[in-house]
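As given in Swiss-Prot:
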TRANSMEM  46-69  transmembrane segment
TRANSMEM  135-158  transmembrane segment
TRANSMEM  175-199  transmembrane segment
TRANSMEM  273-291  transmembrane segment
TRANSMEM  330-353  transmembrane segment
TRANSMEM  369-395  transmembrane segment
TRANSMEM  417-439  transmembrane segment
TRANSMEM  517-535  transmembrane segment
BINDING   C559, C568  [4Fe-4S] cluster binding site
TRANSMEM  575-596  transmembrane segment
TRANSMEM  643-665  transmembrane segment
BINDING   H654  chlorophyll a B1 binding site
BINDING   M662, Y670  chlorophyll a B3 binding site
BINDING   W671  phylloquinone binding site
TRANSMEM  707-727  transmembrane segment
Amino acid sequence: MATKFPKFSQALSQDPTTRRIWYGIATAHDFESHDGMTEENLYQKIFASHFGHLAIIFLWTSGNLFHVAWQGNFEQWILNPLKVKPIAHAIWDPHFGQPALKAFSKGGSAYPVNIAYSGVYHWWYTIGMRTNQDLYTGALFLLVLSAILLFGGWLHLQPKFKPGLSWFKNNESRLNHHLSGLFGVSSLAWTGHLVHVAIPESRGQHVGWDNFTTVLPHPAGLQPFFSGNWSVYAQNPDTAQQLFGTNEGAGTAILTFLGGFHPQSQSLWLTDMAHHHLAIAVVFIVAGHMYRTNWGIGHNLKDILDAHRPPSGRLGAGHRGLFDTITNSLHMQLGLALAALGVITSLVAQHMYAMPPYAFMAKDFTTQASLYTHHQYIAGFLMVGAFAHGAIFFVRDYDPEQNKGNVLARMLEHKEAIISHLSWVTLFLGFHTLGLYVHNDTMIAFGTPEKQILIEPVFAQWIQASSGKALYGFDVLLSSSSNIATQAGSNIWLPGWLEAINSGKNSLFLTIGPGDFLVHHAIALGLHTTALILVKGALDARGSKLMPDKKDFGYSFPCDGPGRGGTCDISAWDAFYLAVFWMLNTIGWVTFYWHWKHITIWQGNATQFNESSTYLMGWFRDYLWLNSSPLINGYNPYGMNNLSVWSWMFLFGHLVWATGFMFLISWRGYWQELIETLAWAHERTPLANLIRWKDKPVAMSIVQARLVGLAHFSVGYVLTYAAFVLASTAGKFG
């Protein structure tokens, strides 16, 4: 008899019901729970999967390059990046009638195409790519790299090339190599690319495989480097009149500290970015030589952590025990990595629009909106994942003996204080923010808008002023010409920065008022509520008032409601599940705020946001309803336009989202009855009953139904808003 799926669990493979399939899928990646799994084998499997992951990423990026080179308009776009719409790829659809063919043939193409809103054209242009041939070469290189990585993954599963457990747990070596190699040397290599290829191309000088060894990136060559006269590399930067991609107004500097933006492309100066990457390379290459490995010099991480015990005794055993706890817990490591990556991804969202690094991207408004929304949602999912694995760490890996009295144990000991403080913060923020919004709504409804409670965000304005924004008249720090801070930077980066922050042509430190004050606190409410649910879920994962140790219940024990007392208190999975709703809710507010504020600024109508954002009906009517008109009119009895696809996606997203509730607001009994009724009918229907199955159909578990509901809710939510952002922005600005 052939062994049934799943091969990794004998118990599951012998289950006579459909539970075998669903639990098999659910635990396929939970390597720890597989039959016969050893710690060494676990690490080896995860290590090999990294290669596969990278191979998929490079295959995908190779596909981006290939399709743009084949079906895009990169070379035409370069000639006029502000007017020509970048094409992602062609659309082939046999269902298209003539009106659709006409509507979707845009960006100067003779056939239906998708417009690229990812910013890749701007990126490739900025880093020195100029022809379709460049794109094809890049695609081929990444394809080969992908194949090499796949081979590497396979190779590291072969007995001779499997790393041992001690190799995976050698923290100092890993830190040295990752800091020096992954961050340091790669940043140095990128600096090299910017200096040798991107900067010359931005000045109209071609550098390619044919001449890169002979073209000097700087007229003085390496002489200033070896003589220590490094400032030569910063002399003669590009002028404010430089035309990007030509030598008109171009200088010769390669490493500068100009500050602000290139006036024509409205992106950061390439020479500033090269300098930045060089600095990062130096810092990280040095950092990667700090930890003790084969030669008895450098830091030992265990010694550092064990020494972290403040003499006052207020942190108990301090960081003692953490070295082994973190080294031996993959969930703890993953939680820390996800949290760090989540923060970085959100920072990318913020910096990508406030300080655009790519030429002309600041003027491609739909791309700006897409990239912000995309990165904020990804940050949200990464953050909830961090806490989910934190909770799994407490259930599976936390050893109370090993961590006696240290900071981890103390977090658990005073978790009631942490949770209750978070709870008070959320209650305060929630009632006060909603109270202000509702008061203002009522005043608007009764025709007395002057009675609204409008609070100026004076502290935030003061912070903006201290960074150099002159508008508010706070004579403080960088907004004061006589301040010592202003004088210290006045001959290097400050002139460019101050010009940029006060120019009104970009998104640096946008002017803020009462509407911003309110939505800031609404977002703070969302962030704190999400944090409260996640923190409680993780801290209570192992033990709570009702259940001193929950280790044997596992992470995904179901919350069964008040009928089975206390089950919700012991379900870490349920905290994660609830937190995802709040995370989506919060990022909804964040992206609504960003998008509405920006489209009013881009349209030269900032007053609309300022006046309508102080009450809820303003958000519903003047942001959501007003901007959904292109979606509602995407196709109608009179035909269609090139926003029709987003209209369809808007409907489809709502449908997926609403489907989620079918799984969220129902219990297992209903599904079991439905399944058995369908199975009964199937078995008695001619022709249909030729198809039979051996597994007895069983309704999904409570946790699985919640997961299916949550997945539909999340996917539908994101799809709906994606369609809204794209159609409402592209409908206004093309």
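The count begins at 1 with the first shown residue.
The backbone N, Cα and C atoms fix where each Cβ goes, glycine too.
Feature map: Swiss-Prot annotations on the structure.
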residue	record	Cβ neighbours (10 Å)
C559	[4Fe-4S] cluster binding site	20
C568	[4Fe-4S] cluster binding site	17
H654	chlorophyll a B1 binding site	15
M662	chlorophyll a B3 binding site	14
Y670	chlorophyll a B3 binding site	11
W671	phylloquinone binding site	17
Same-chain residue ranges lying at least 6 outside the transmembrane segment (417-439) that approach it to Cβ under 8 Å: 411, 452-453, 455, 518, 521-522, 524-525, 528-529, 531-532, 535-536, 539, 614-616
Beyond the flanks of the transmembrane segment (273-291) by at least 6 residues, Cβ under 8 Å: 171-173, 175-181, 183-185, 187-188, 190-191, 194-195, 198-199, 234, 254-257, 298-301, 357
Tertiary contacts of the transmembrane segment (643-665), as residues 6+ beyond its ends and Cβ separation under 8 Å: 100, 103-104, 628, 630-635, 705-706, 708-724, 726-727, 730-731
Distance, the residue listed as 'phylloquinone binding site' to C559 ([4Fe-4S] cluster binding site) (CA atoms, angstrom): 18
Distal contacts, the transmembrane segment (575-596) - CB-CB under 8 A, six or more residues away: 353, 369, 372-373, 376-377, 379-381, 383-384, 387-388, 391, 516, 519, 522-523, 526-527, 529-530, 533-534, 536-538, 540-541, 609, 613, 619, 623-624, 627, 706-707, 710, 713-714, 717-718, 721, 725, 728-729
Surrounding residues of the transmembrane segment (517-535) on its own chain - C-beta under 8 Å, 6+ positions past either end: 383-384, 387, 418-419, 422-423, 425-426, 429-430, 432-433, 436-437, 455-457, 460, 575-576, 578-579, 582-583, 585-586, 589-590, 592-593, 613-614
Between Y670 (chlorophyll a B3 binding site) and C568 ([4Fe-4S] cluster binding site), the C-alpha gap once rounded to whole angstrom: 22
Rounded Cα separation (Å) that holds between the residue listed as 'chlorophyll a B1 binding site' and M662 (chlorophyll a B3 binding site): 13
Which of 135-158, 175-199, 707-727 contacts the transmembrane segment (369-395) most, counting Cβ pairs under 8 Å: 707-727
